[in-house]
């Protein structure tokens, strides 16, 4: 009989929803969502604790609870390799990539590629690829896994549940922006860890300890005779009934079908660089840090937290197979269909089955809230990051003169568009059931992301890499990967009791080896074409490579108080007013010619500094909130003051409420003095500065977390 929610369970779930919505509305009150950086980068005001929790929970979504536990049930420890690998790659993000992103002054990863190489070809290519991956892999898999848990554990209507969750998540993201996302992620991280640890302790106590888990897992084979008699199956064949011989090893022999160690090190690891160091969902959170110390601290915290999934998700999945062997390890497609509604296998129900059978009343509601937290955290991450990429890397190319207000509106409309696509994808997701969902995700990503990882690594570590090399190398890798992906879908793996008649290059070459080839072929083509074509300009590599860390060039000499402006890449327009020289700092993306024709009242974000004397006390047309708001890196450089005033005068209470609710206007957008603006610029300059004491502490943490990661790999692979 299917378990149902008790009154206590319902109360806990309801309390969770109330807390989440309260946090979202709190973010609406406290944050400045009416600017590009305020909405998309949380005003660069987040601490390492909040960002570290957000990094963890954004990655550990519902597909991890379903997919990781399912792969643990099907193949043992192997899937834990991705978690320990992430632990190490997070530090690569914090110590190498993030300083470059901050120094480059970018919001999105496509924007970085555009700034590093010039032009828009690579920017558009990467933006389109990211949106495809978000919508058709991350989003679809998250919805399926979350819906599977709800359906398996609670018996709720699948479509109503999914639509409700999507709607709440979209409302939270649209109203609060990244501040709301990070605040709620902090709550959800705590909730996830408590709930998952509780289930882990209960399940291990049920088995009798960790060593007993390993012993009994290797004996967890279904009773074929009993199953045939119980279900009266017409198909008496059985397959994949016994645990794999290397189930208790993580990195396995080179021909293993799950994790061959050469493929994982040479192919999967470089491919994972895209997710952890160049994926908007992850990087956008770290870019919201107050400074580089908080950014590094957040990756250290997330790295330590990545030790947990192996024990709180993978091991419970293995325990589920031990306790419910005949269901989790179904013997053939007909049996699997009767047990879980999927002919490919039933390992994906391992975690929800464990929850419903072992967790007592009350705690079951907590676990339900954990799964909702996982689903919503992933969805809000995708909604926010995808809308950022679309708004700043696609829409901005179409509407180059778009105001900051227009960008905010477009970002929110795109979230609504993604909601519609998500709901339309639900029927397709229900049919897209695989035996090991998590490995399915990795396979799709490994066909598309290795070329991107190669481009980012070459862009950062090799100054000679230019736009032509990156474009042709990236496109070659993309075409090869797309062809392999199409072939993989065209020649699907047969059911386990059927012969495999696929071509040898499909069935015998592991996807990690394909990823290896894509990564190195892309890199080779990029290097060759770059060497045969002109090198990049000095401006393109001035702040965008690893070797230009300290190279902040000052274009004009101003007074010491004005130095904070120099870290931004700006052109200087010199003009004369009443025999007094004035420097206007022109935001990126604007030429002098485009500025000269503007009237003072039409200019909103030109920052003025005088060469002699103190700055003026106030500047009537400056409304910048933070250093990032002032420049917006070319994204919101100019906004029409006249249009804003007209809208304010004509709008009634209703429109004022709508503006506040959606973050189009903010009570904090008062006129700012130039002195305040310069102080904020000083803070921006200090983002890359670290004291010696902080450096020592962070480096000790780096050594500790990397040592732990390597130890885990060795311990679980020998």
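The chain as shown is numbered from 1 upward.
Cβ atoms are placed via backbone N, Cα and C, with glycine included.
Bear in mind that the values here come from a model prediction, so they are computed numbers and not experimental data.
Taken straight from Swiss-Prot:
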- 1-9: topological domain 'Extracellular' (TOPO_DOM)
- 10-29: transmembrane segment (TRANSMEM)
- 24: site 'Implicated in sodium coupling' (SITE)
- 30-38: topological domain 'Cytoplasmic' (TOPO_DOM)
- 39-57: transmembrane segment (TRANSMEM)
- 58-86: topological domain 'Extracellular' (TOPO_DOM)
- 87-110: transmembrane segment (TRANSMEM)
- 111-123: topological domain 'Cytoplasmic' (TOPO_DOM)
- 124-144: transmembrane segment (TRANSMEM)
- 145-157: topological domain 'Extracellular' (TOPO_DOM)
- 158-183: transmembrane segment (TRANSMEM)
- 187-205: transmembrane segment (TRANSMEM)
- 206-303: topological domain 'Extracellular' (TOPO_DOM)
- 232: N-linked glycosylation site (CARBOHYD)
- 285: site 'Implicated in sodium coupling' (SITE)
- 304-324: transmembrane segment (TRANSMEM)
- 325-353: topological domain 'Cytoplasmic' (TOPO_DOM)
- 354-376: transmembrane segment (TRANSMEM)
- 377-406: topological domain 'Extracellular' (TOPO_DOM)
- 407-430: transmembrane segment (TRANSMEM)
- 431-443: topological domain 'Cytoplasmic' (TOPO_DOM)
- 444-462: transmembrane segment (TRANSMEM)
- 463-510: topological domain 'Extracellular' (TOPO_DOM)
- 511-532: transmembrane segment (TRANSMEM)
- 533-695: topological domain 'Cytoplasmic' (TOPO_DOM)
- 594: phosphoserine (MOD_RES)
- 632: phosphoserine (MOD_RES)
- 696-716: transmembrane segment (TRANSMEM)
### Message
Counting by DSSP secondary structure, give me helix, strand and coil numbers for the topological domain 'Extracellular' (377-406).
### Response
25 helix, 0 strand, 5 coil
### Query
Do at least three C-beta pairs under 8 angstroms join the transmembrane segment (87-110) to the transmembrane segment (187-205), pairs 6 or more apart in sequence?
no
### Query
Near the transmembrane segment (444-462), which same-chain residues lie under 8 Å Cβ to Cβ, leaving out any that are not at least 6 residues past its ends?
96-97, 100, 109, 112-113, 116-117, 122, 126, 129, 132-133, 137, 267-268, 270-275, 277-278, 469-470, 473-474, 476-478, 481-482, 484-485, 488, 511-512, 514-516, 518-520, 522-523, 526-527, 530, 544-547
### Query
Between 187-205, 354-376, 511-532, 696-716, who has the most Cβ pairs under 8 Å to the transmembrane segment (304-324)?
187-205
### Query
If you draw a 10 Å sphere around the Cβ of residue 285 (site 'Implicated in sodium coupling'), how many other Cβ atoms fall inside it, taking every protein chain shown into account?
29
